[in-house]
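Colleague: There's a structure below that I have some questions on.
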Amino acid sequence: MLLTALVAAALQPSWGLAASKTQLQTAVTFTIFVLQGVMLRQGEAKKALGAAGAIAWGLASILVITPLLAPLAGALPLQPPGLALGLLVFGCMPTTLSSGVALTQVLGGNTALALLLTIATNLASVFTLPFLLPWALKTTASIGGFGAAAAAAAGGPAGSAAAVSAVRLDPVPLLVQLVQCILLPTLLGACIRASGEGLRNWVDANRRTLSVISGGLLSLVPWMQVSKALSQGVTVAPAALAAAVAWSLAFHLVYLVLNSGAATLLRLGGSDPVASAPTRRALIIVASQKTLPVAMAVLGRLAPAVGAEAAGCAAVTAVFSHLAQTCVDFALVSRWLEHIQRRDKKAKTV
């Protein structure tokens, strides 16, 4: 659906442009996070509270450590500069809302831990992103990244004070906006889920259908943002987009290596490799992924500050980064699962 939305934007940008002038994006974003709140299984997440070390590292990795690389992503020499902005914003995001938990379950990992980290980081990001994003944008501008490019386009030299402040974000208004468009609808959805056991059972039985509806709504956001950018004459060369996606996968690989190394060195889940395996599998997968819905919501709020052109290019980068991340992780989990099955089979024959 995401690819269909991008194709539709390319073929007929005037429709998406017209939609972007309405309150459709606000309504769509609100509905997406209500659905996410309805589908979150908070009760299962509470079962992971005993894994204190894994929880601490997971929260730190997702909310603080991996986003530290975001300014480097924003400083990549990609054209148009909005592609690098997309990598920066995507790198600041919390973990995925569904695929991380699903992949953890396939691997036989600690699903409760995956759920806990998913819920905690997506809610906490509402309060961390308003401070993290201004820092990342200011830092990347100071090293010649996205903000410096914006200043250069306006006639200012890269590295100057104008470059550093080319994109100014006030944390408080952004915090209020994220509370309104992410936190409140998610909590509303959670309250709806908690209102009755019959409703919970219906939601769980129709999870796939609700996910499809949520995905369809999500595709409307990049459709509007990309249409708005294309209507202003913005074009992205396939080679430039491929380079942006390649860099996104490189950062994703760094996240995987970082979290895998931390899980081993810190002995997260315990010193016994067999007993700790489910916890470490969950941590490696969930702490290495970045979510698209929050990225789309954030880009919608950043558009007035960075411009429709940059926001549209950033949306394209985020969408393709999400798709590439998902494909790579599904392939990784498939290979990982085969390795686990071969090892277990060999152990049984010994």
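Glycine too: its Cβ is placed from the backbone N, Cα and C atoms.
TrEMBL annotations: computationally assigned, not manually curated.
Here the structure is a predicted model, which means the values were calculated and not measured.
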Colleague: May I ask you to indicate which of 145-168, 289-312 is given in TrEMBL as transmembrane segment?
Modeller: 145-168
Colleague: Can you see whether the transmembrane segment (236-258) and the transmembrane segment (174-196) are touching - at least 3 CB pairs under 8 angstroms, only pairs 6 or more apart in sequence?
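Modeller: They are not in contact.
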Colleague: Quickly jot the same-chain residues contacting the signal peptide (1-18) by Cβ under 8 Å, restricted to those at least six beyond its ends, or write none.
Modeller: 215-216, 218-220, 222-228, 230-231, 292, 316, 319, 322-323
Colleague: What stretch of 112-133, 174-196, 208-224 shows the most Cβ pairs under 8 Å to the transmembrane segment (48-70)?
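Modeller: Highest pair count goes to 112-133.
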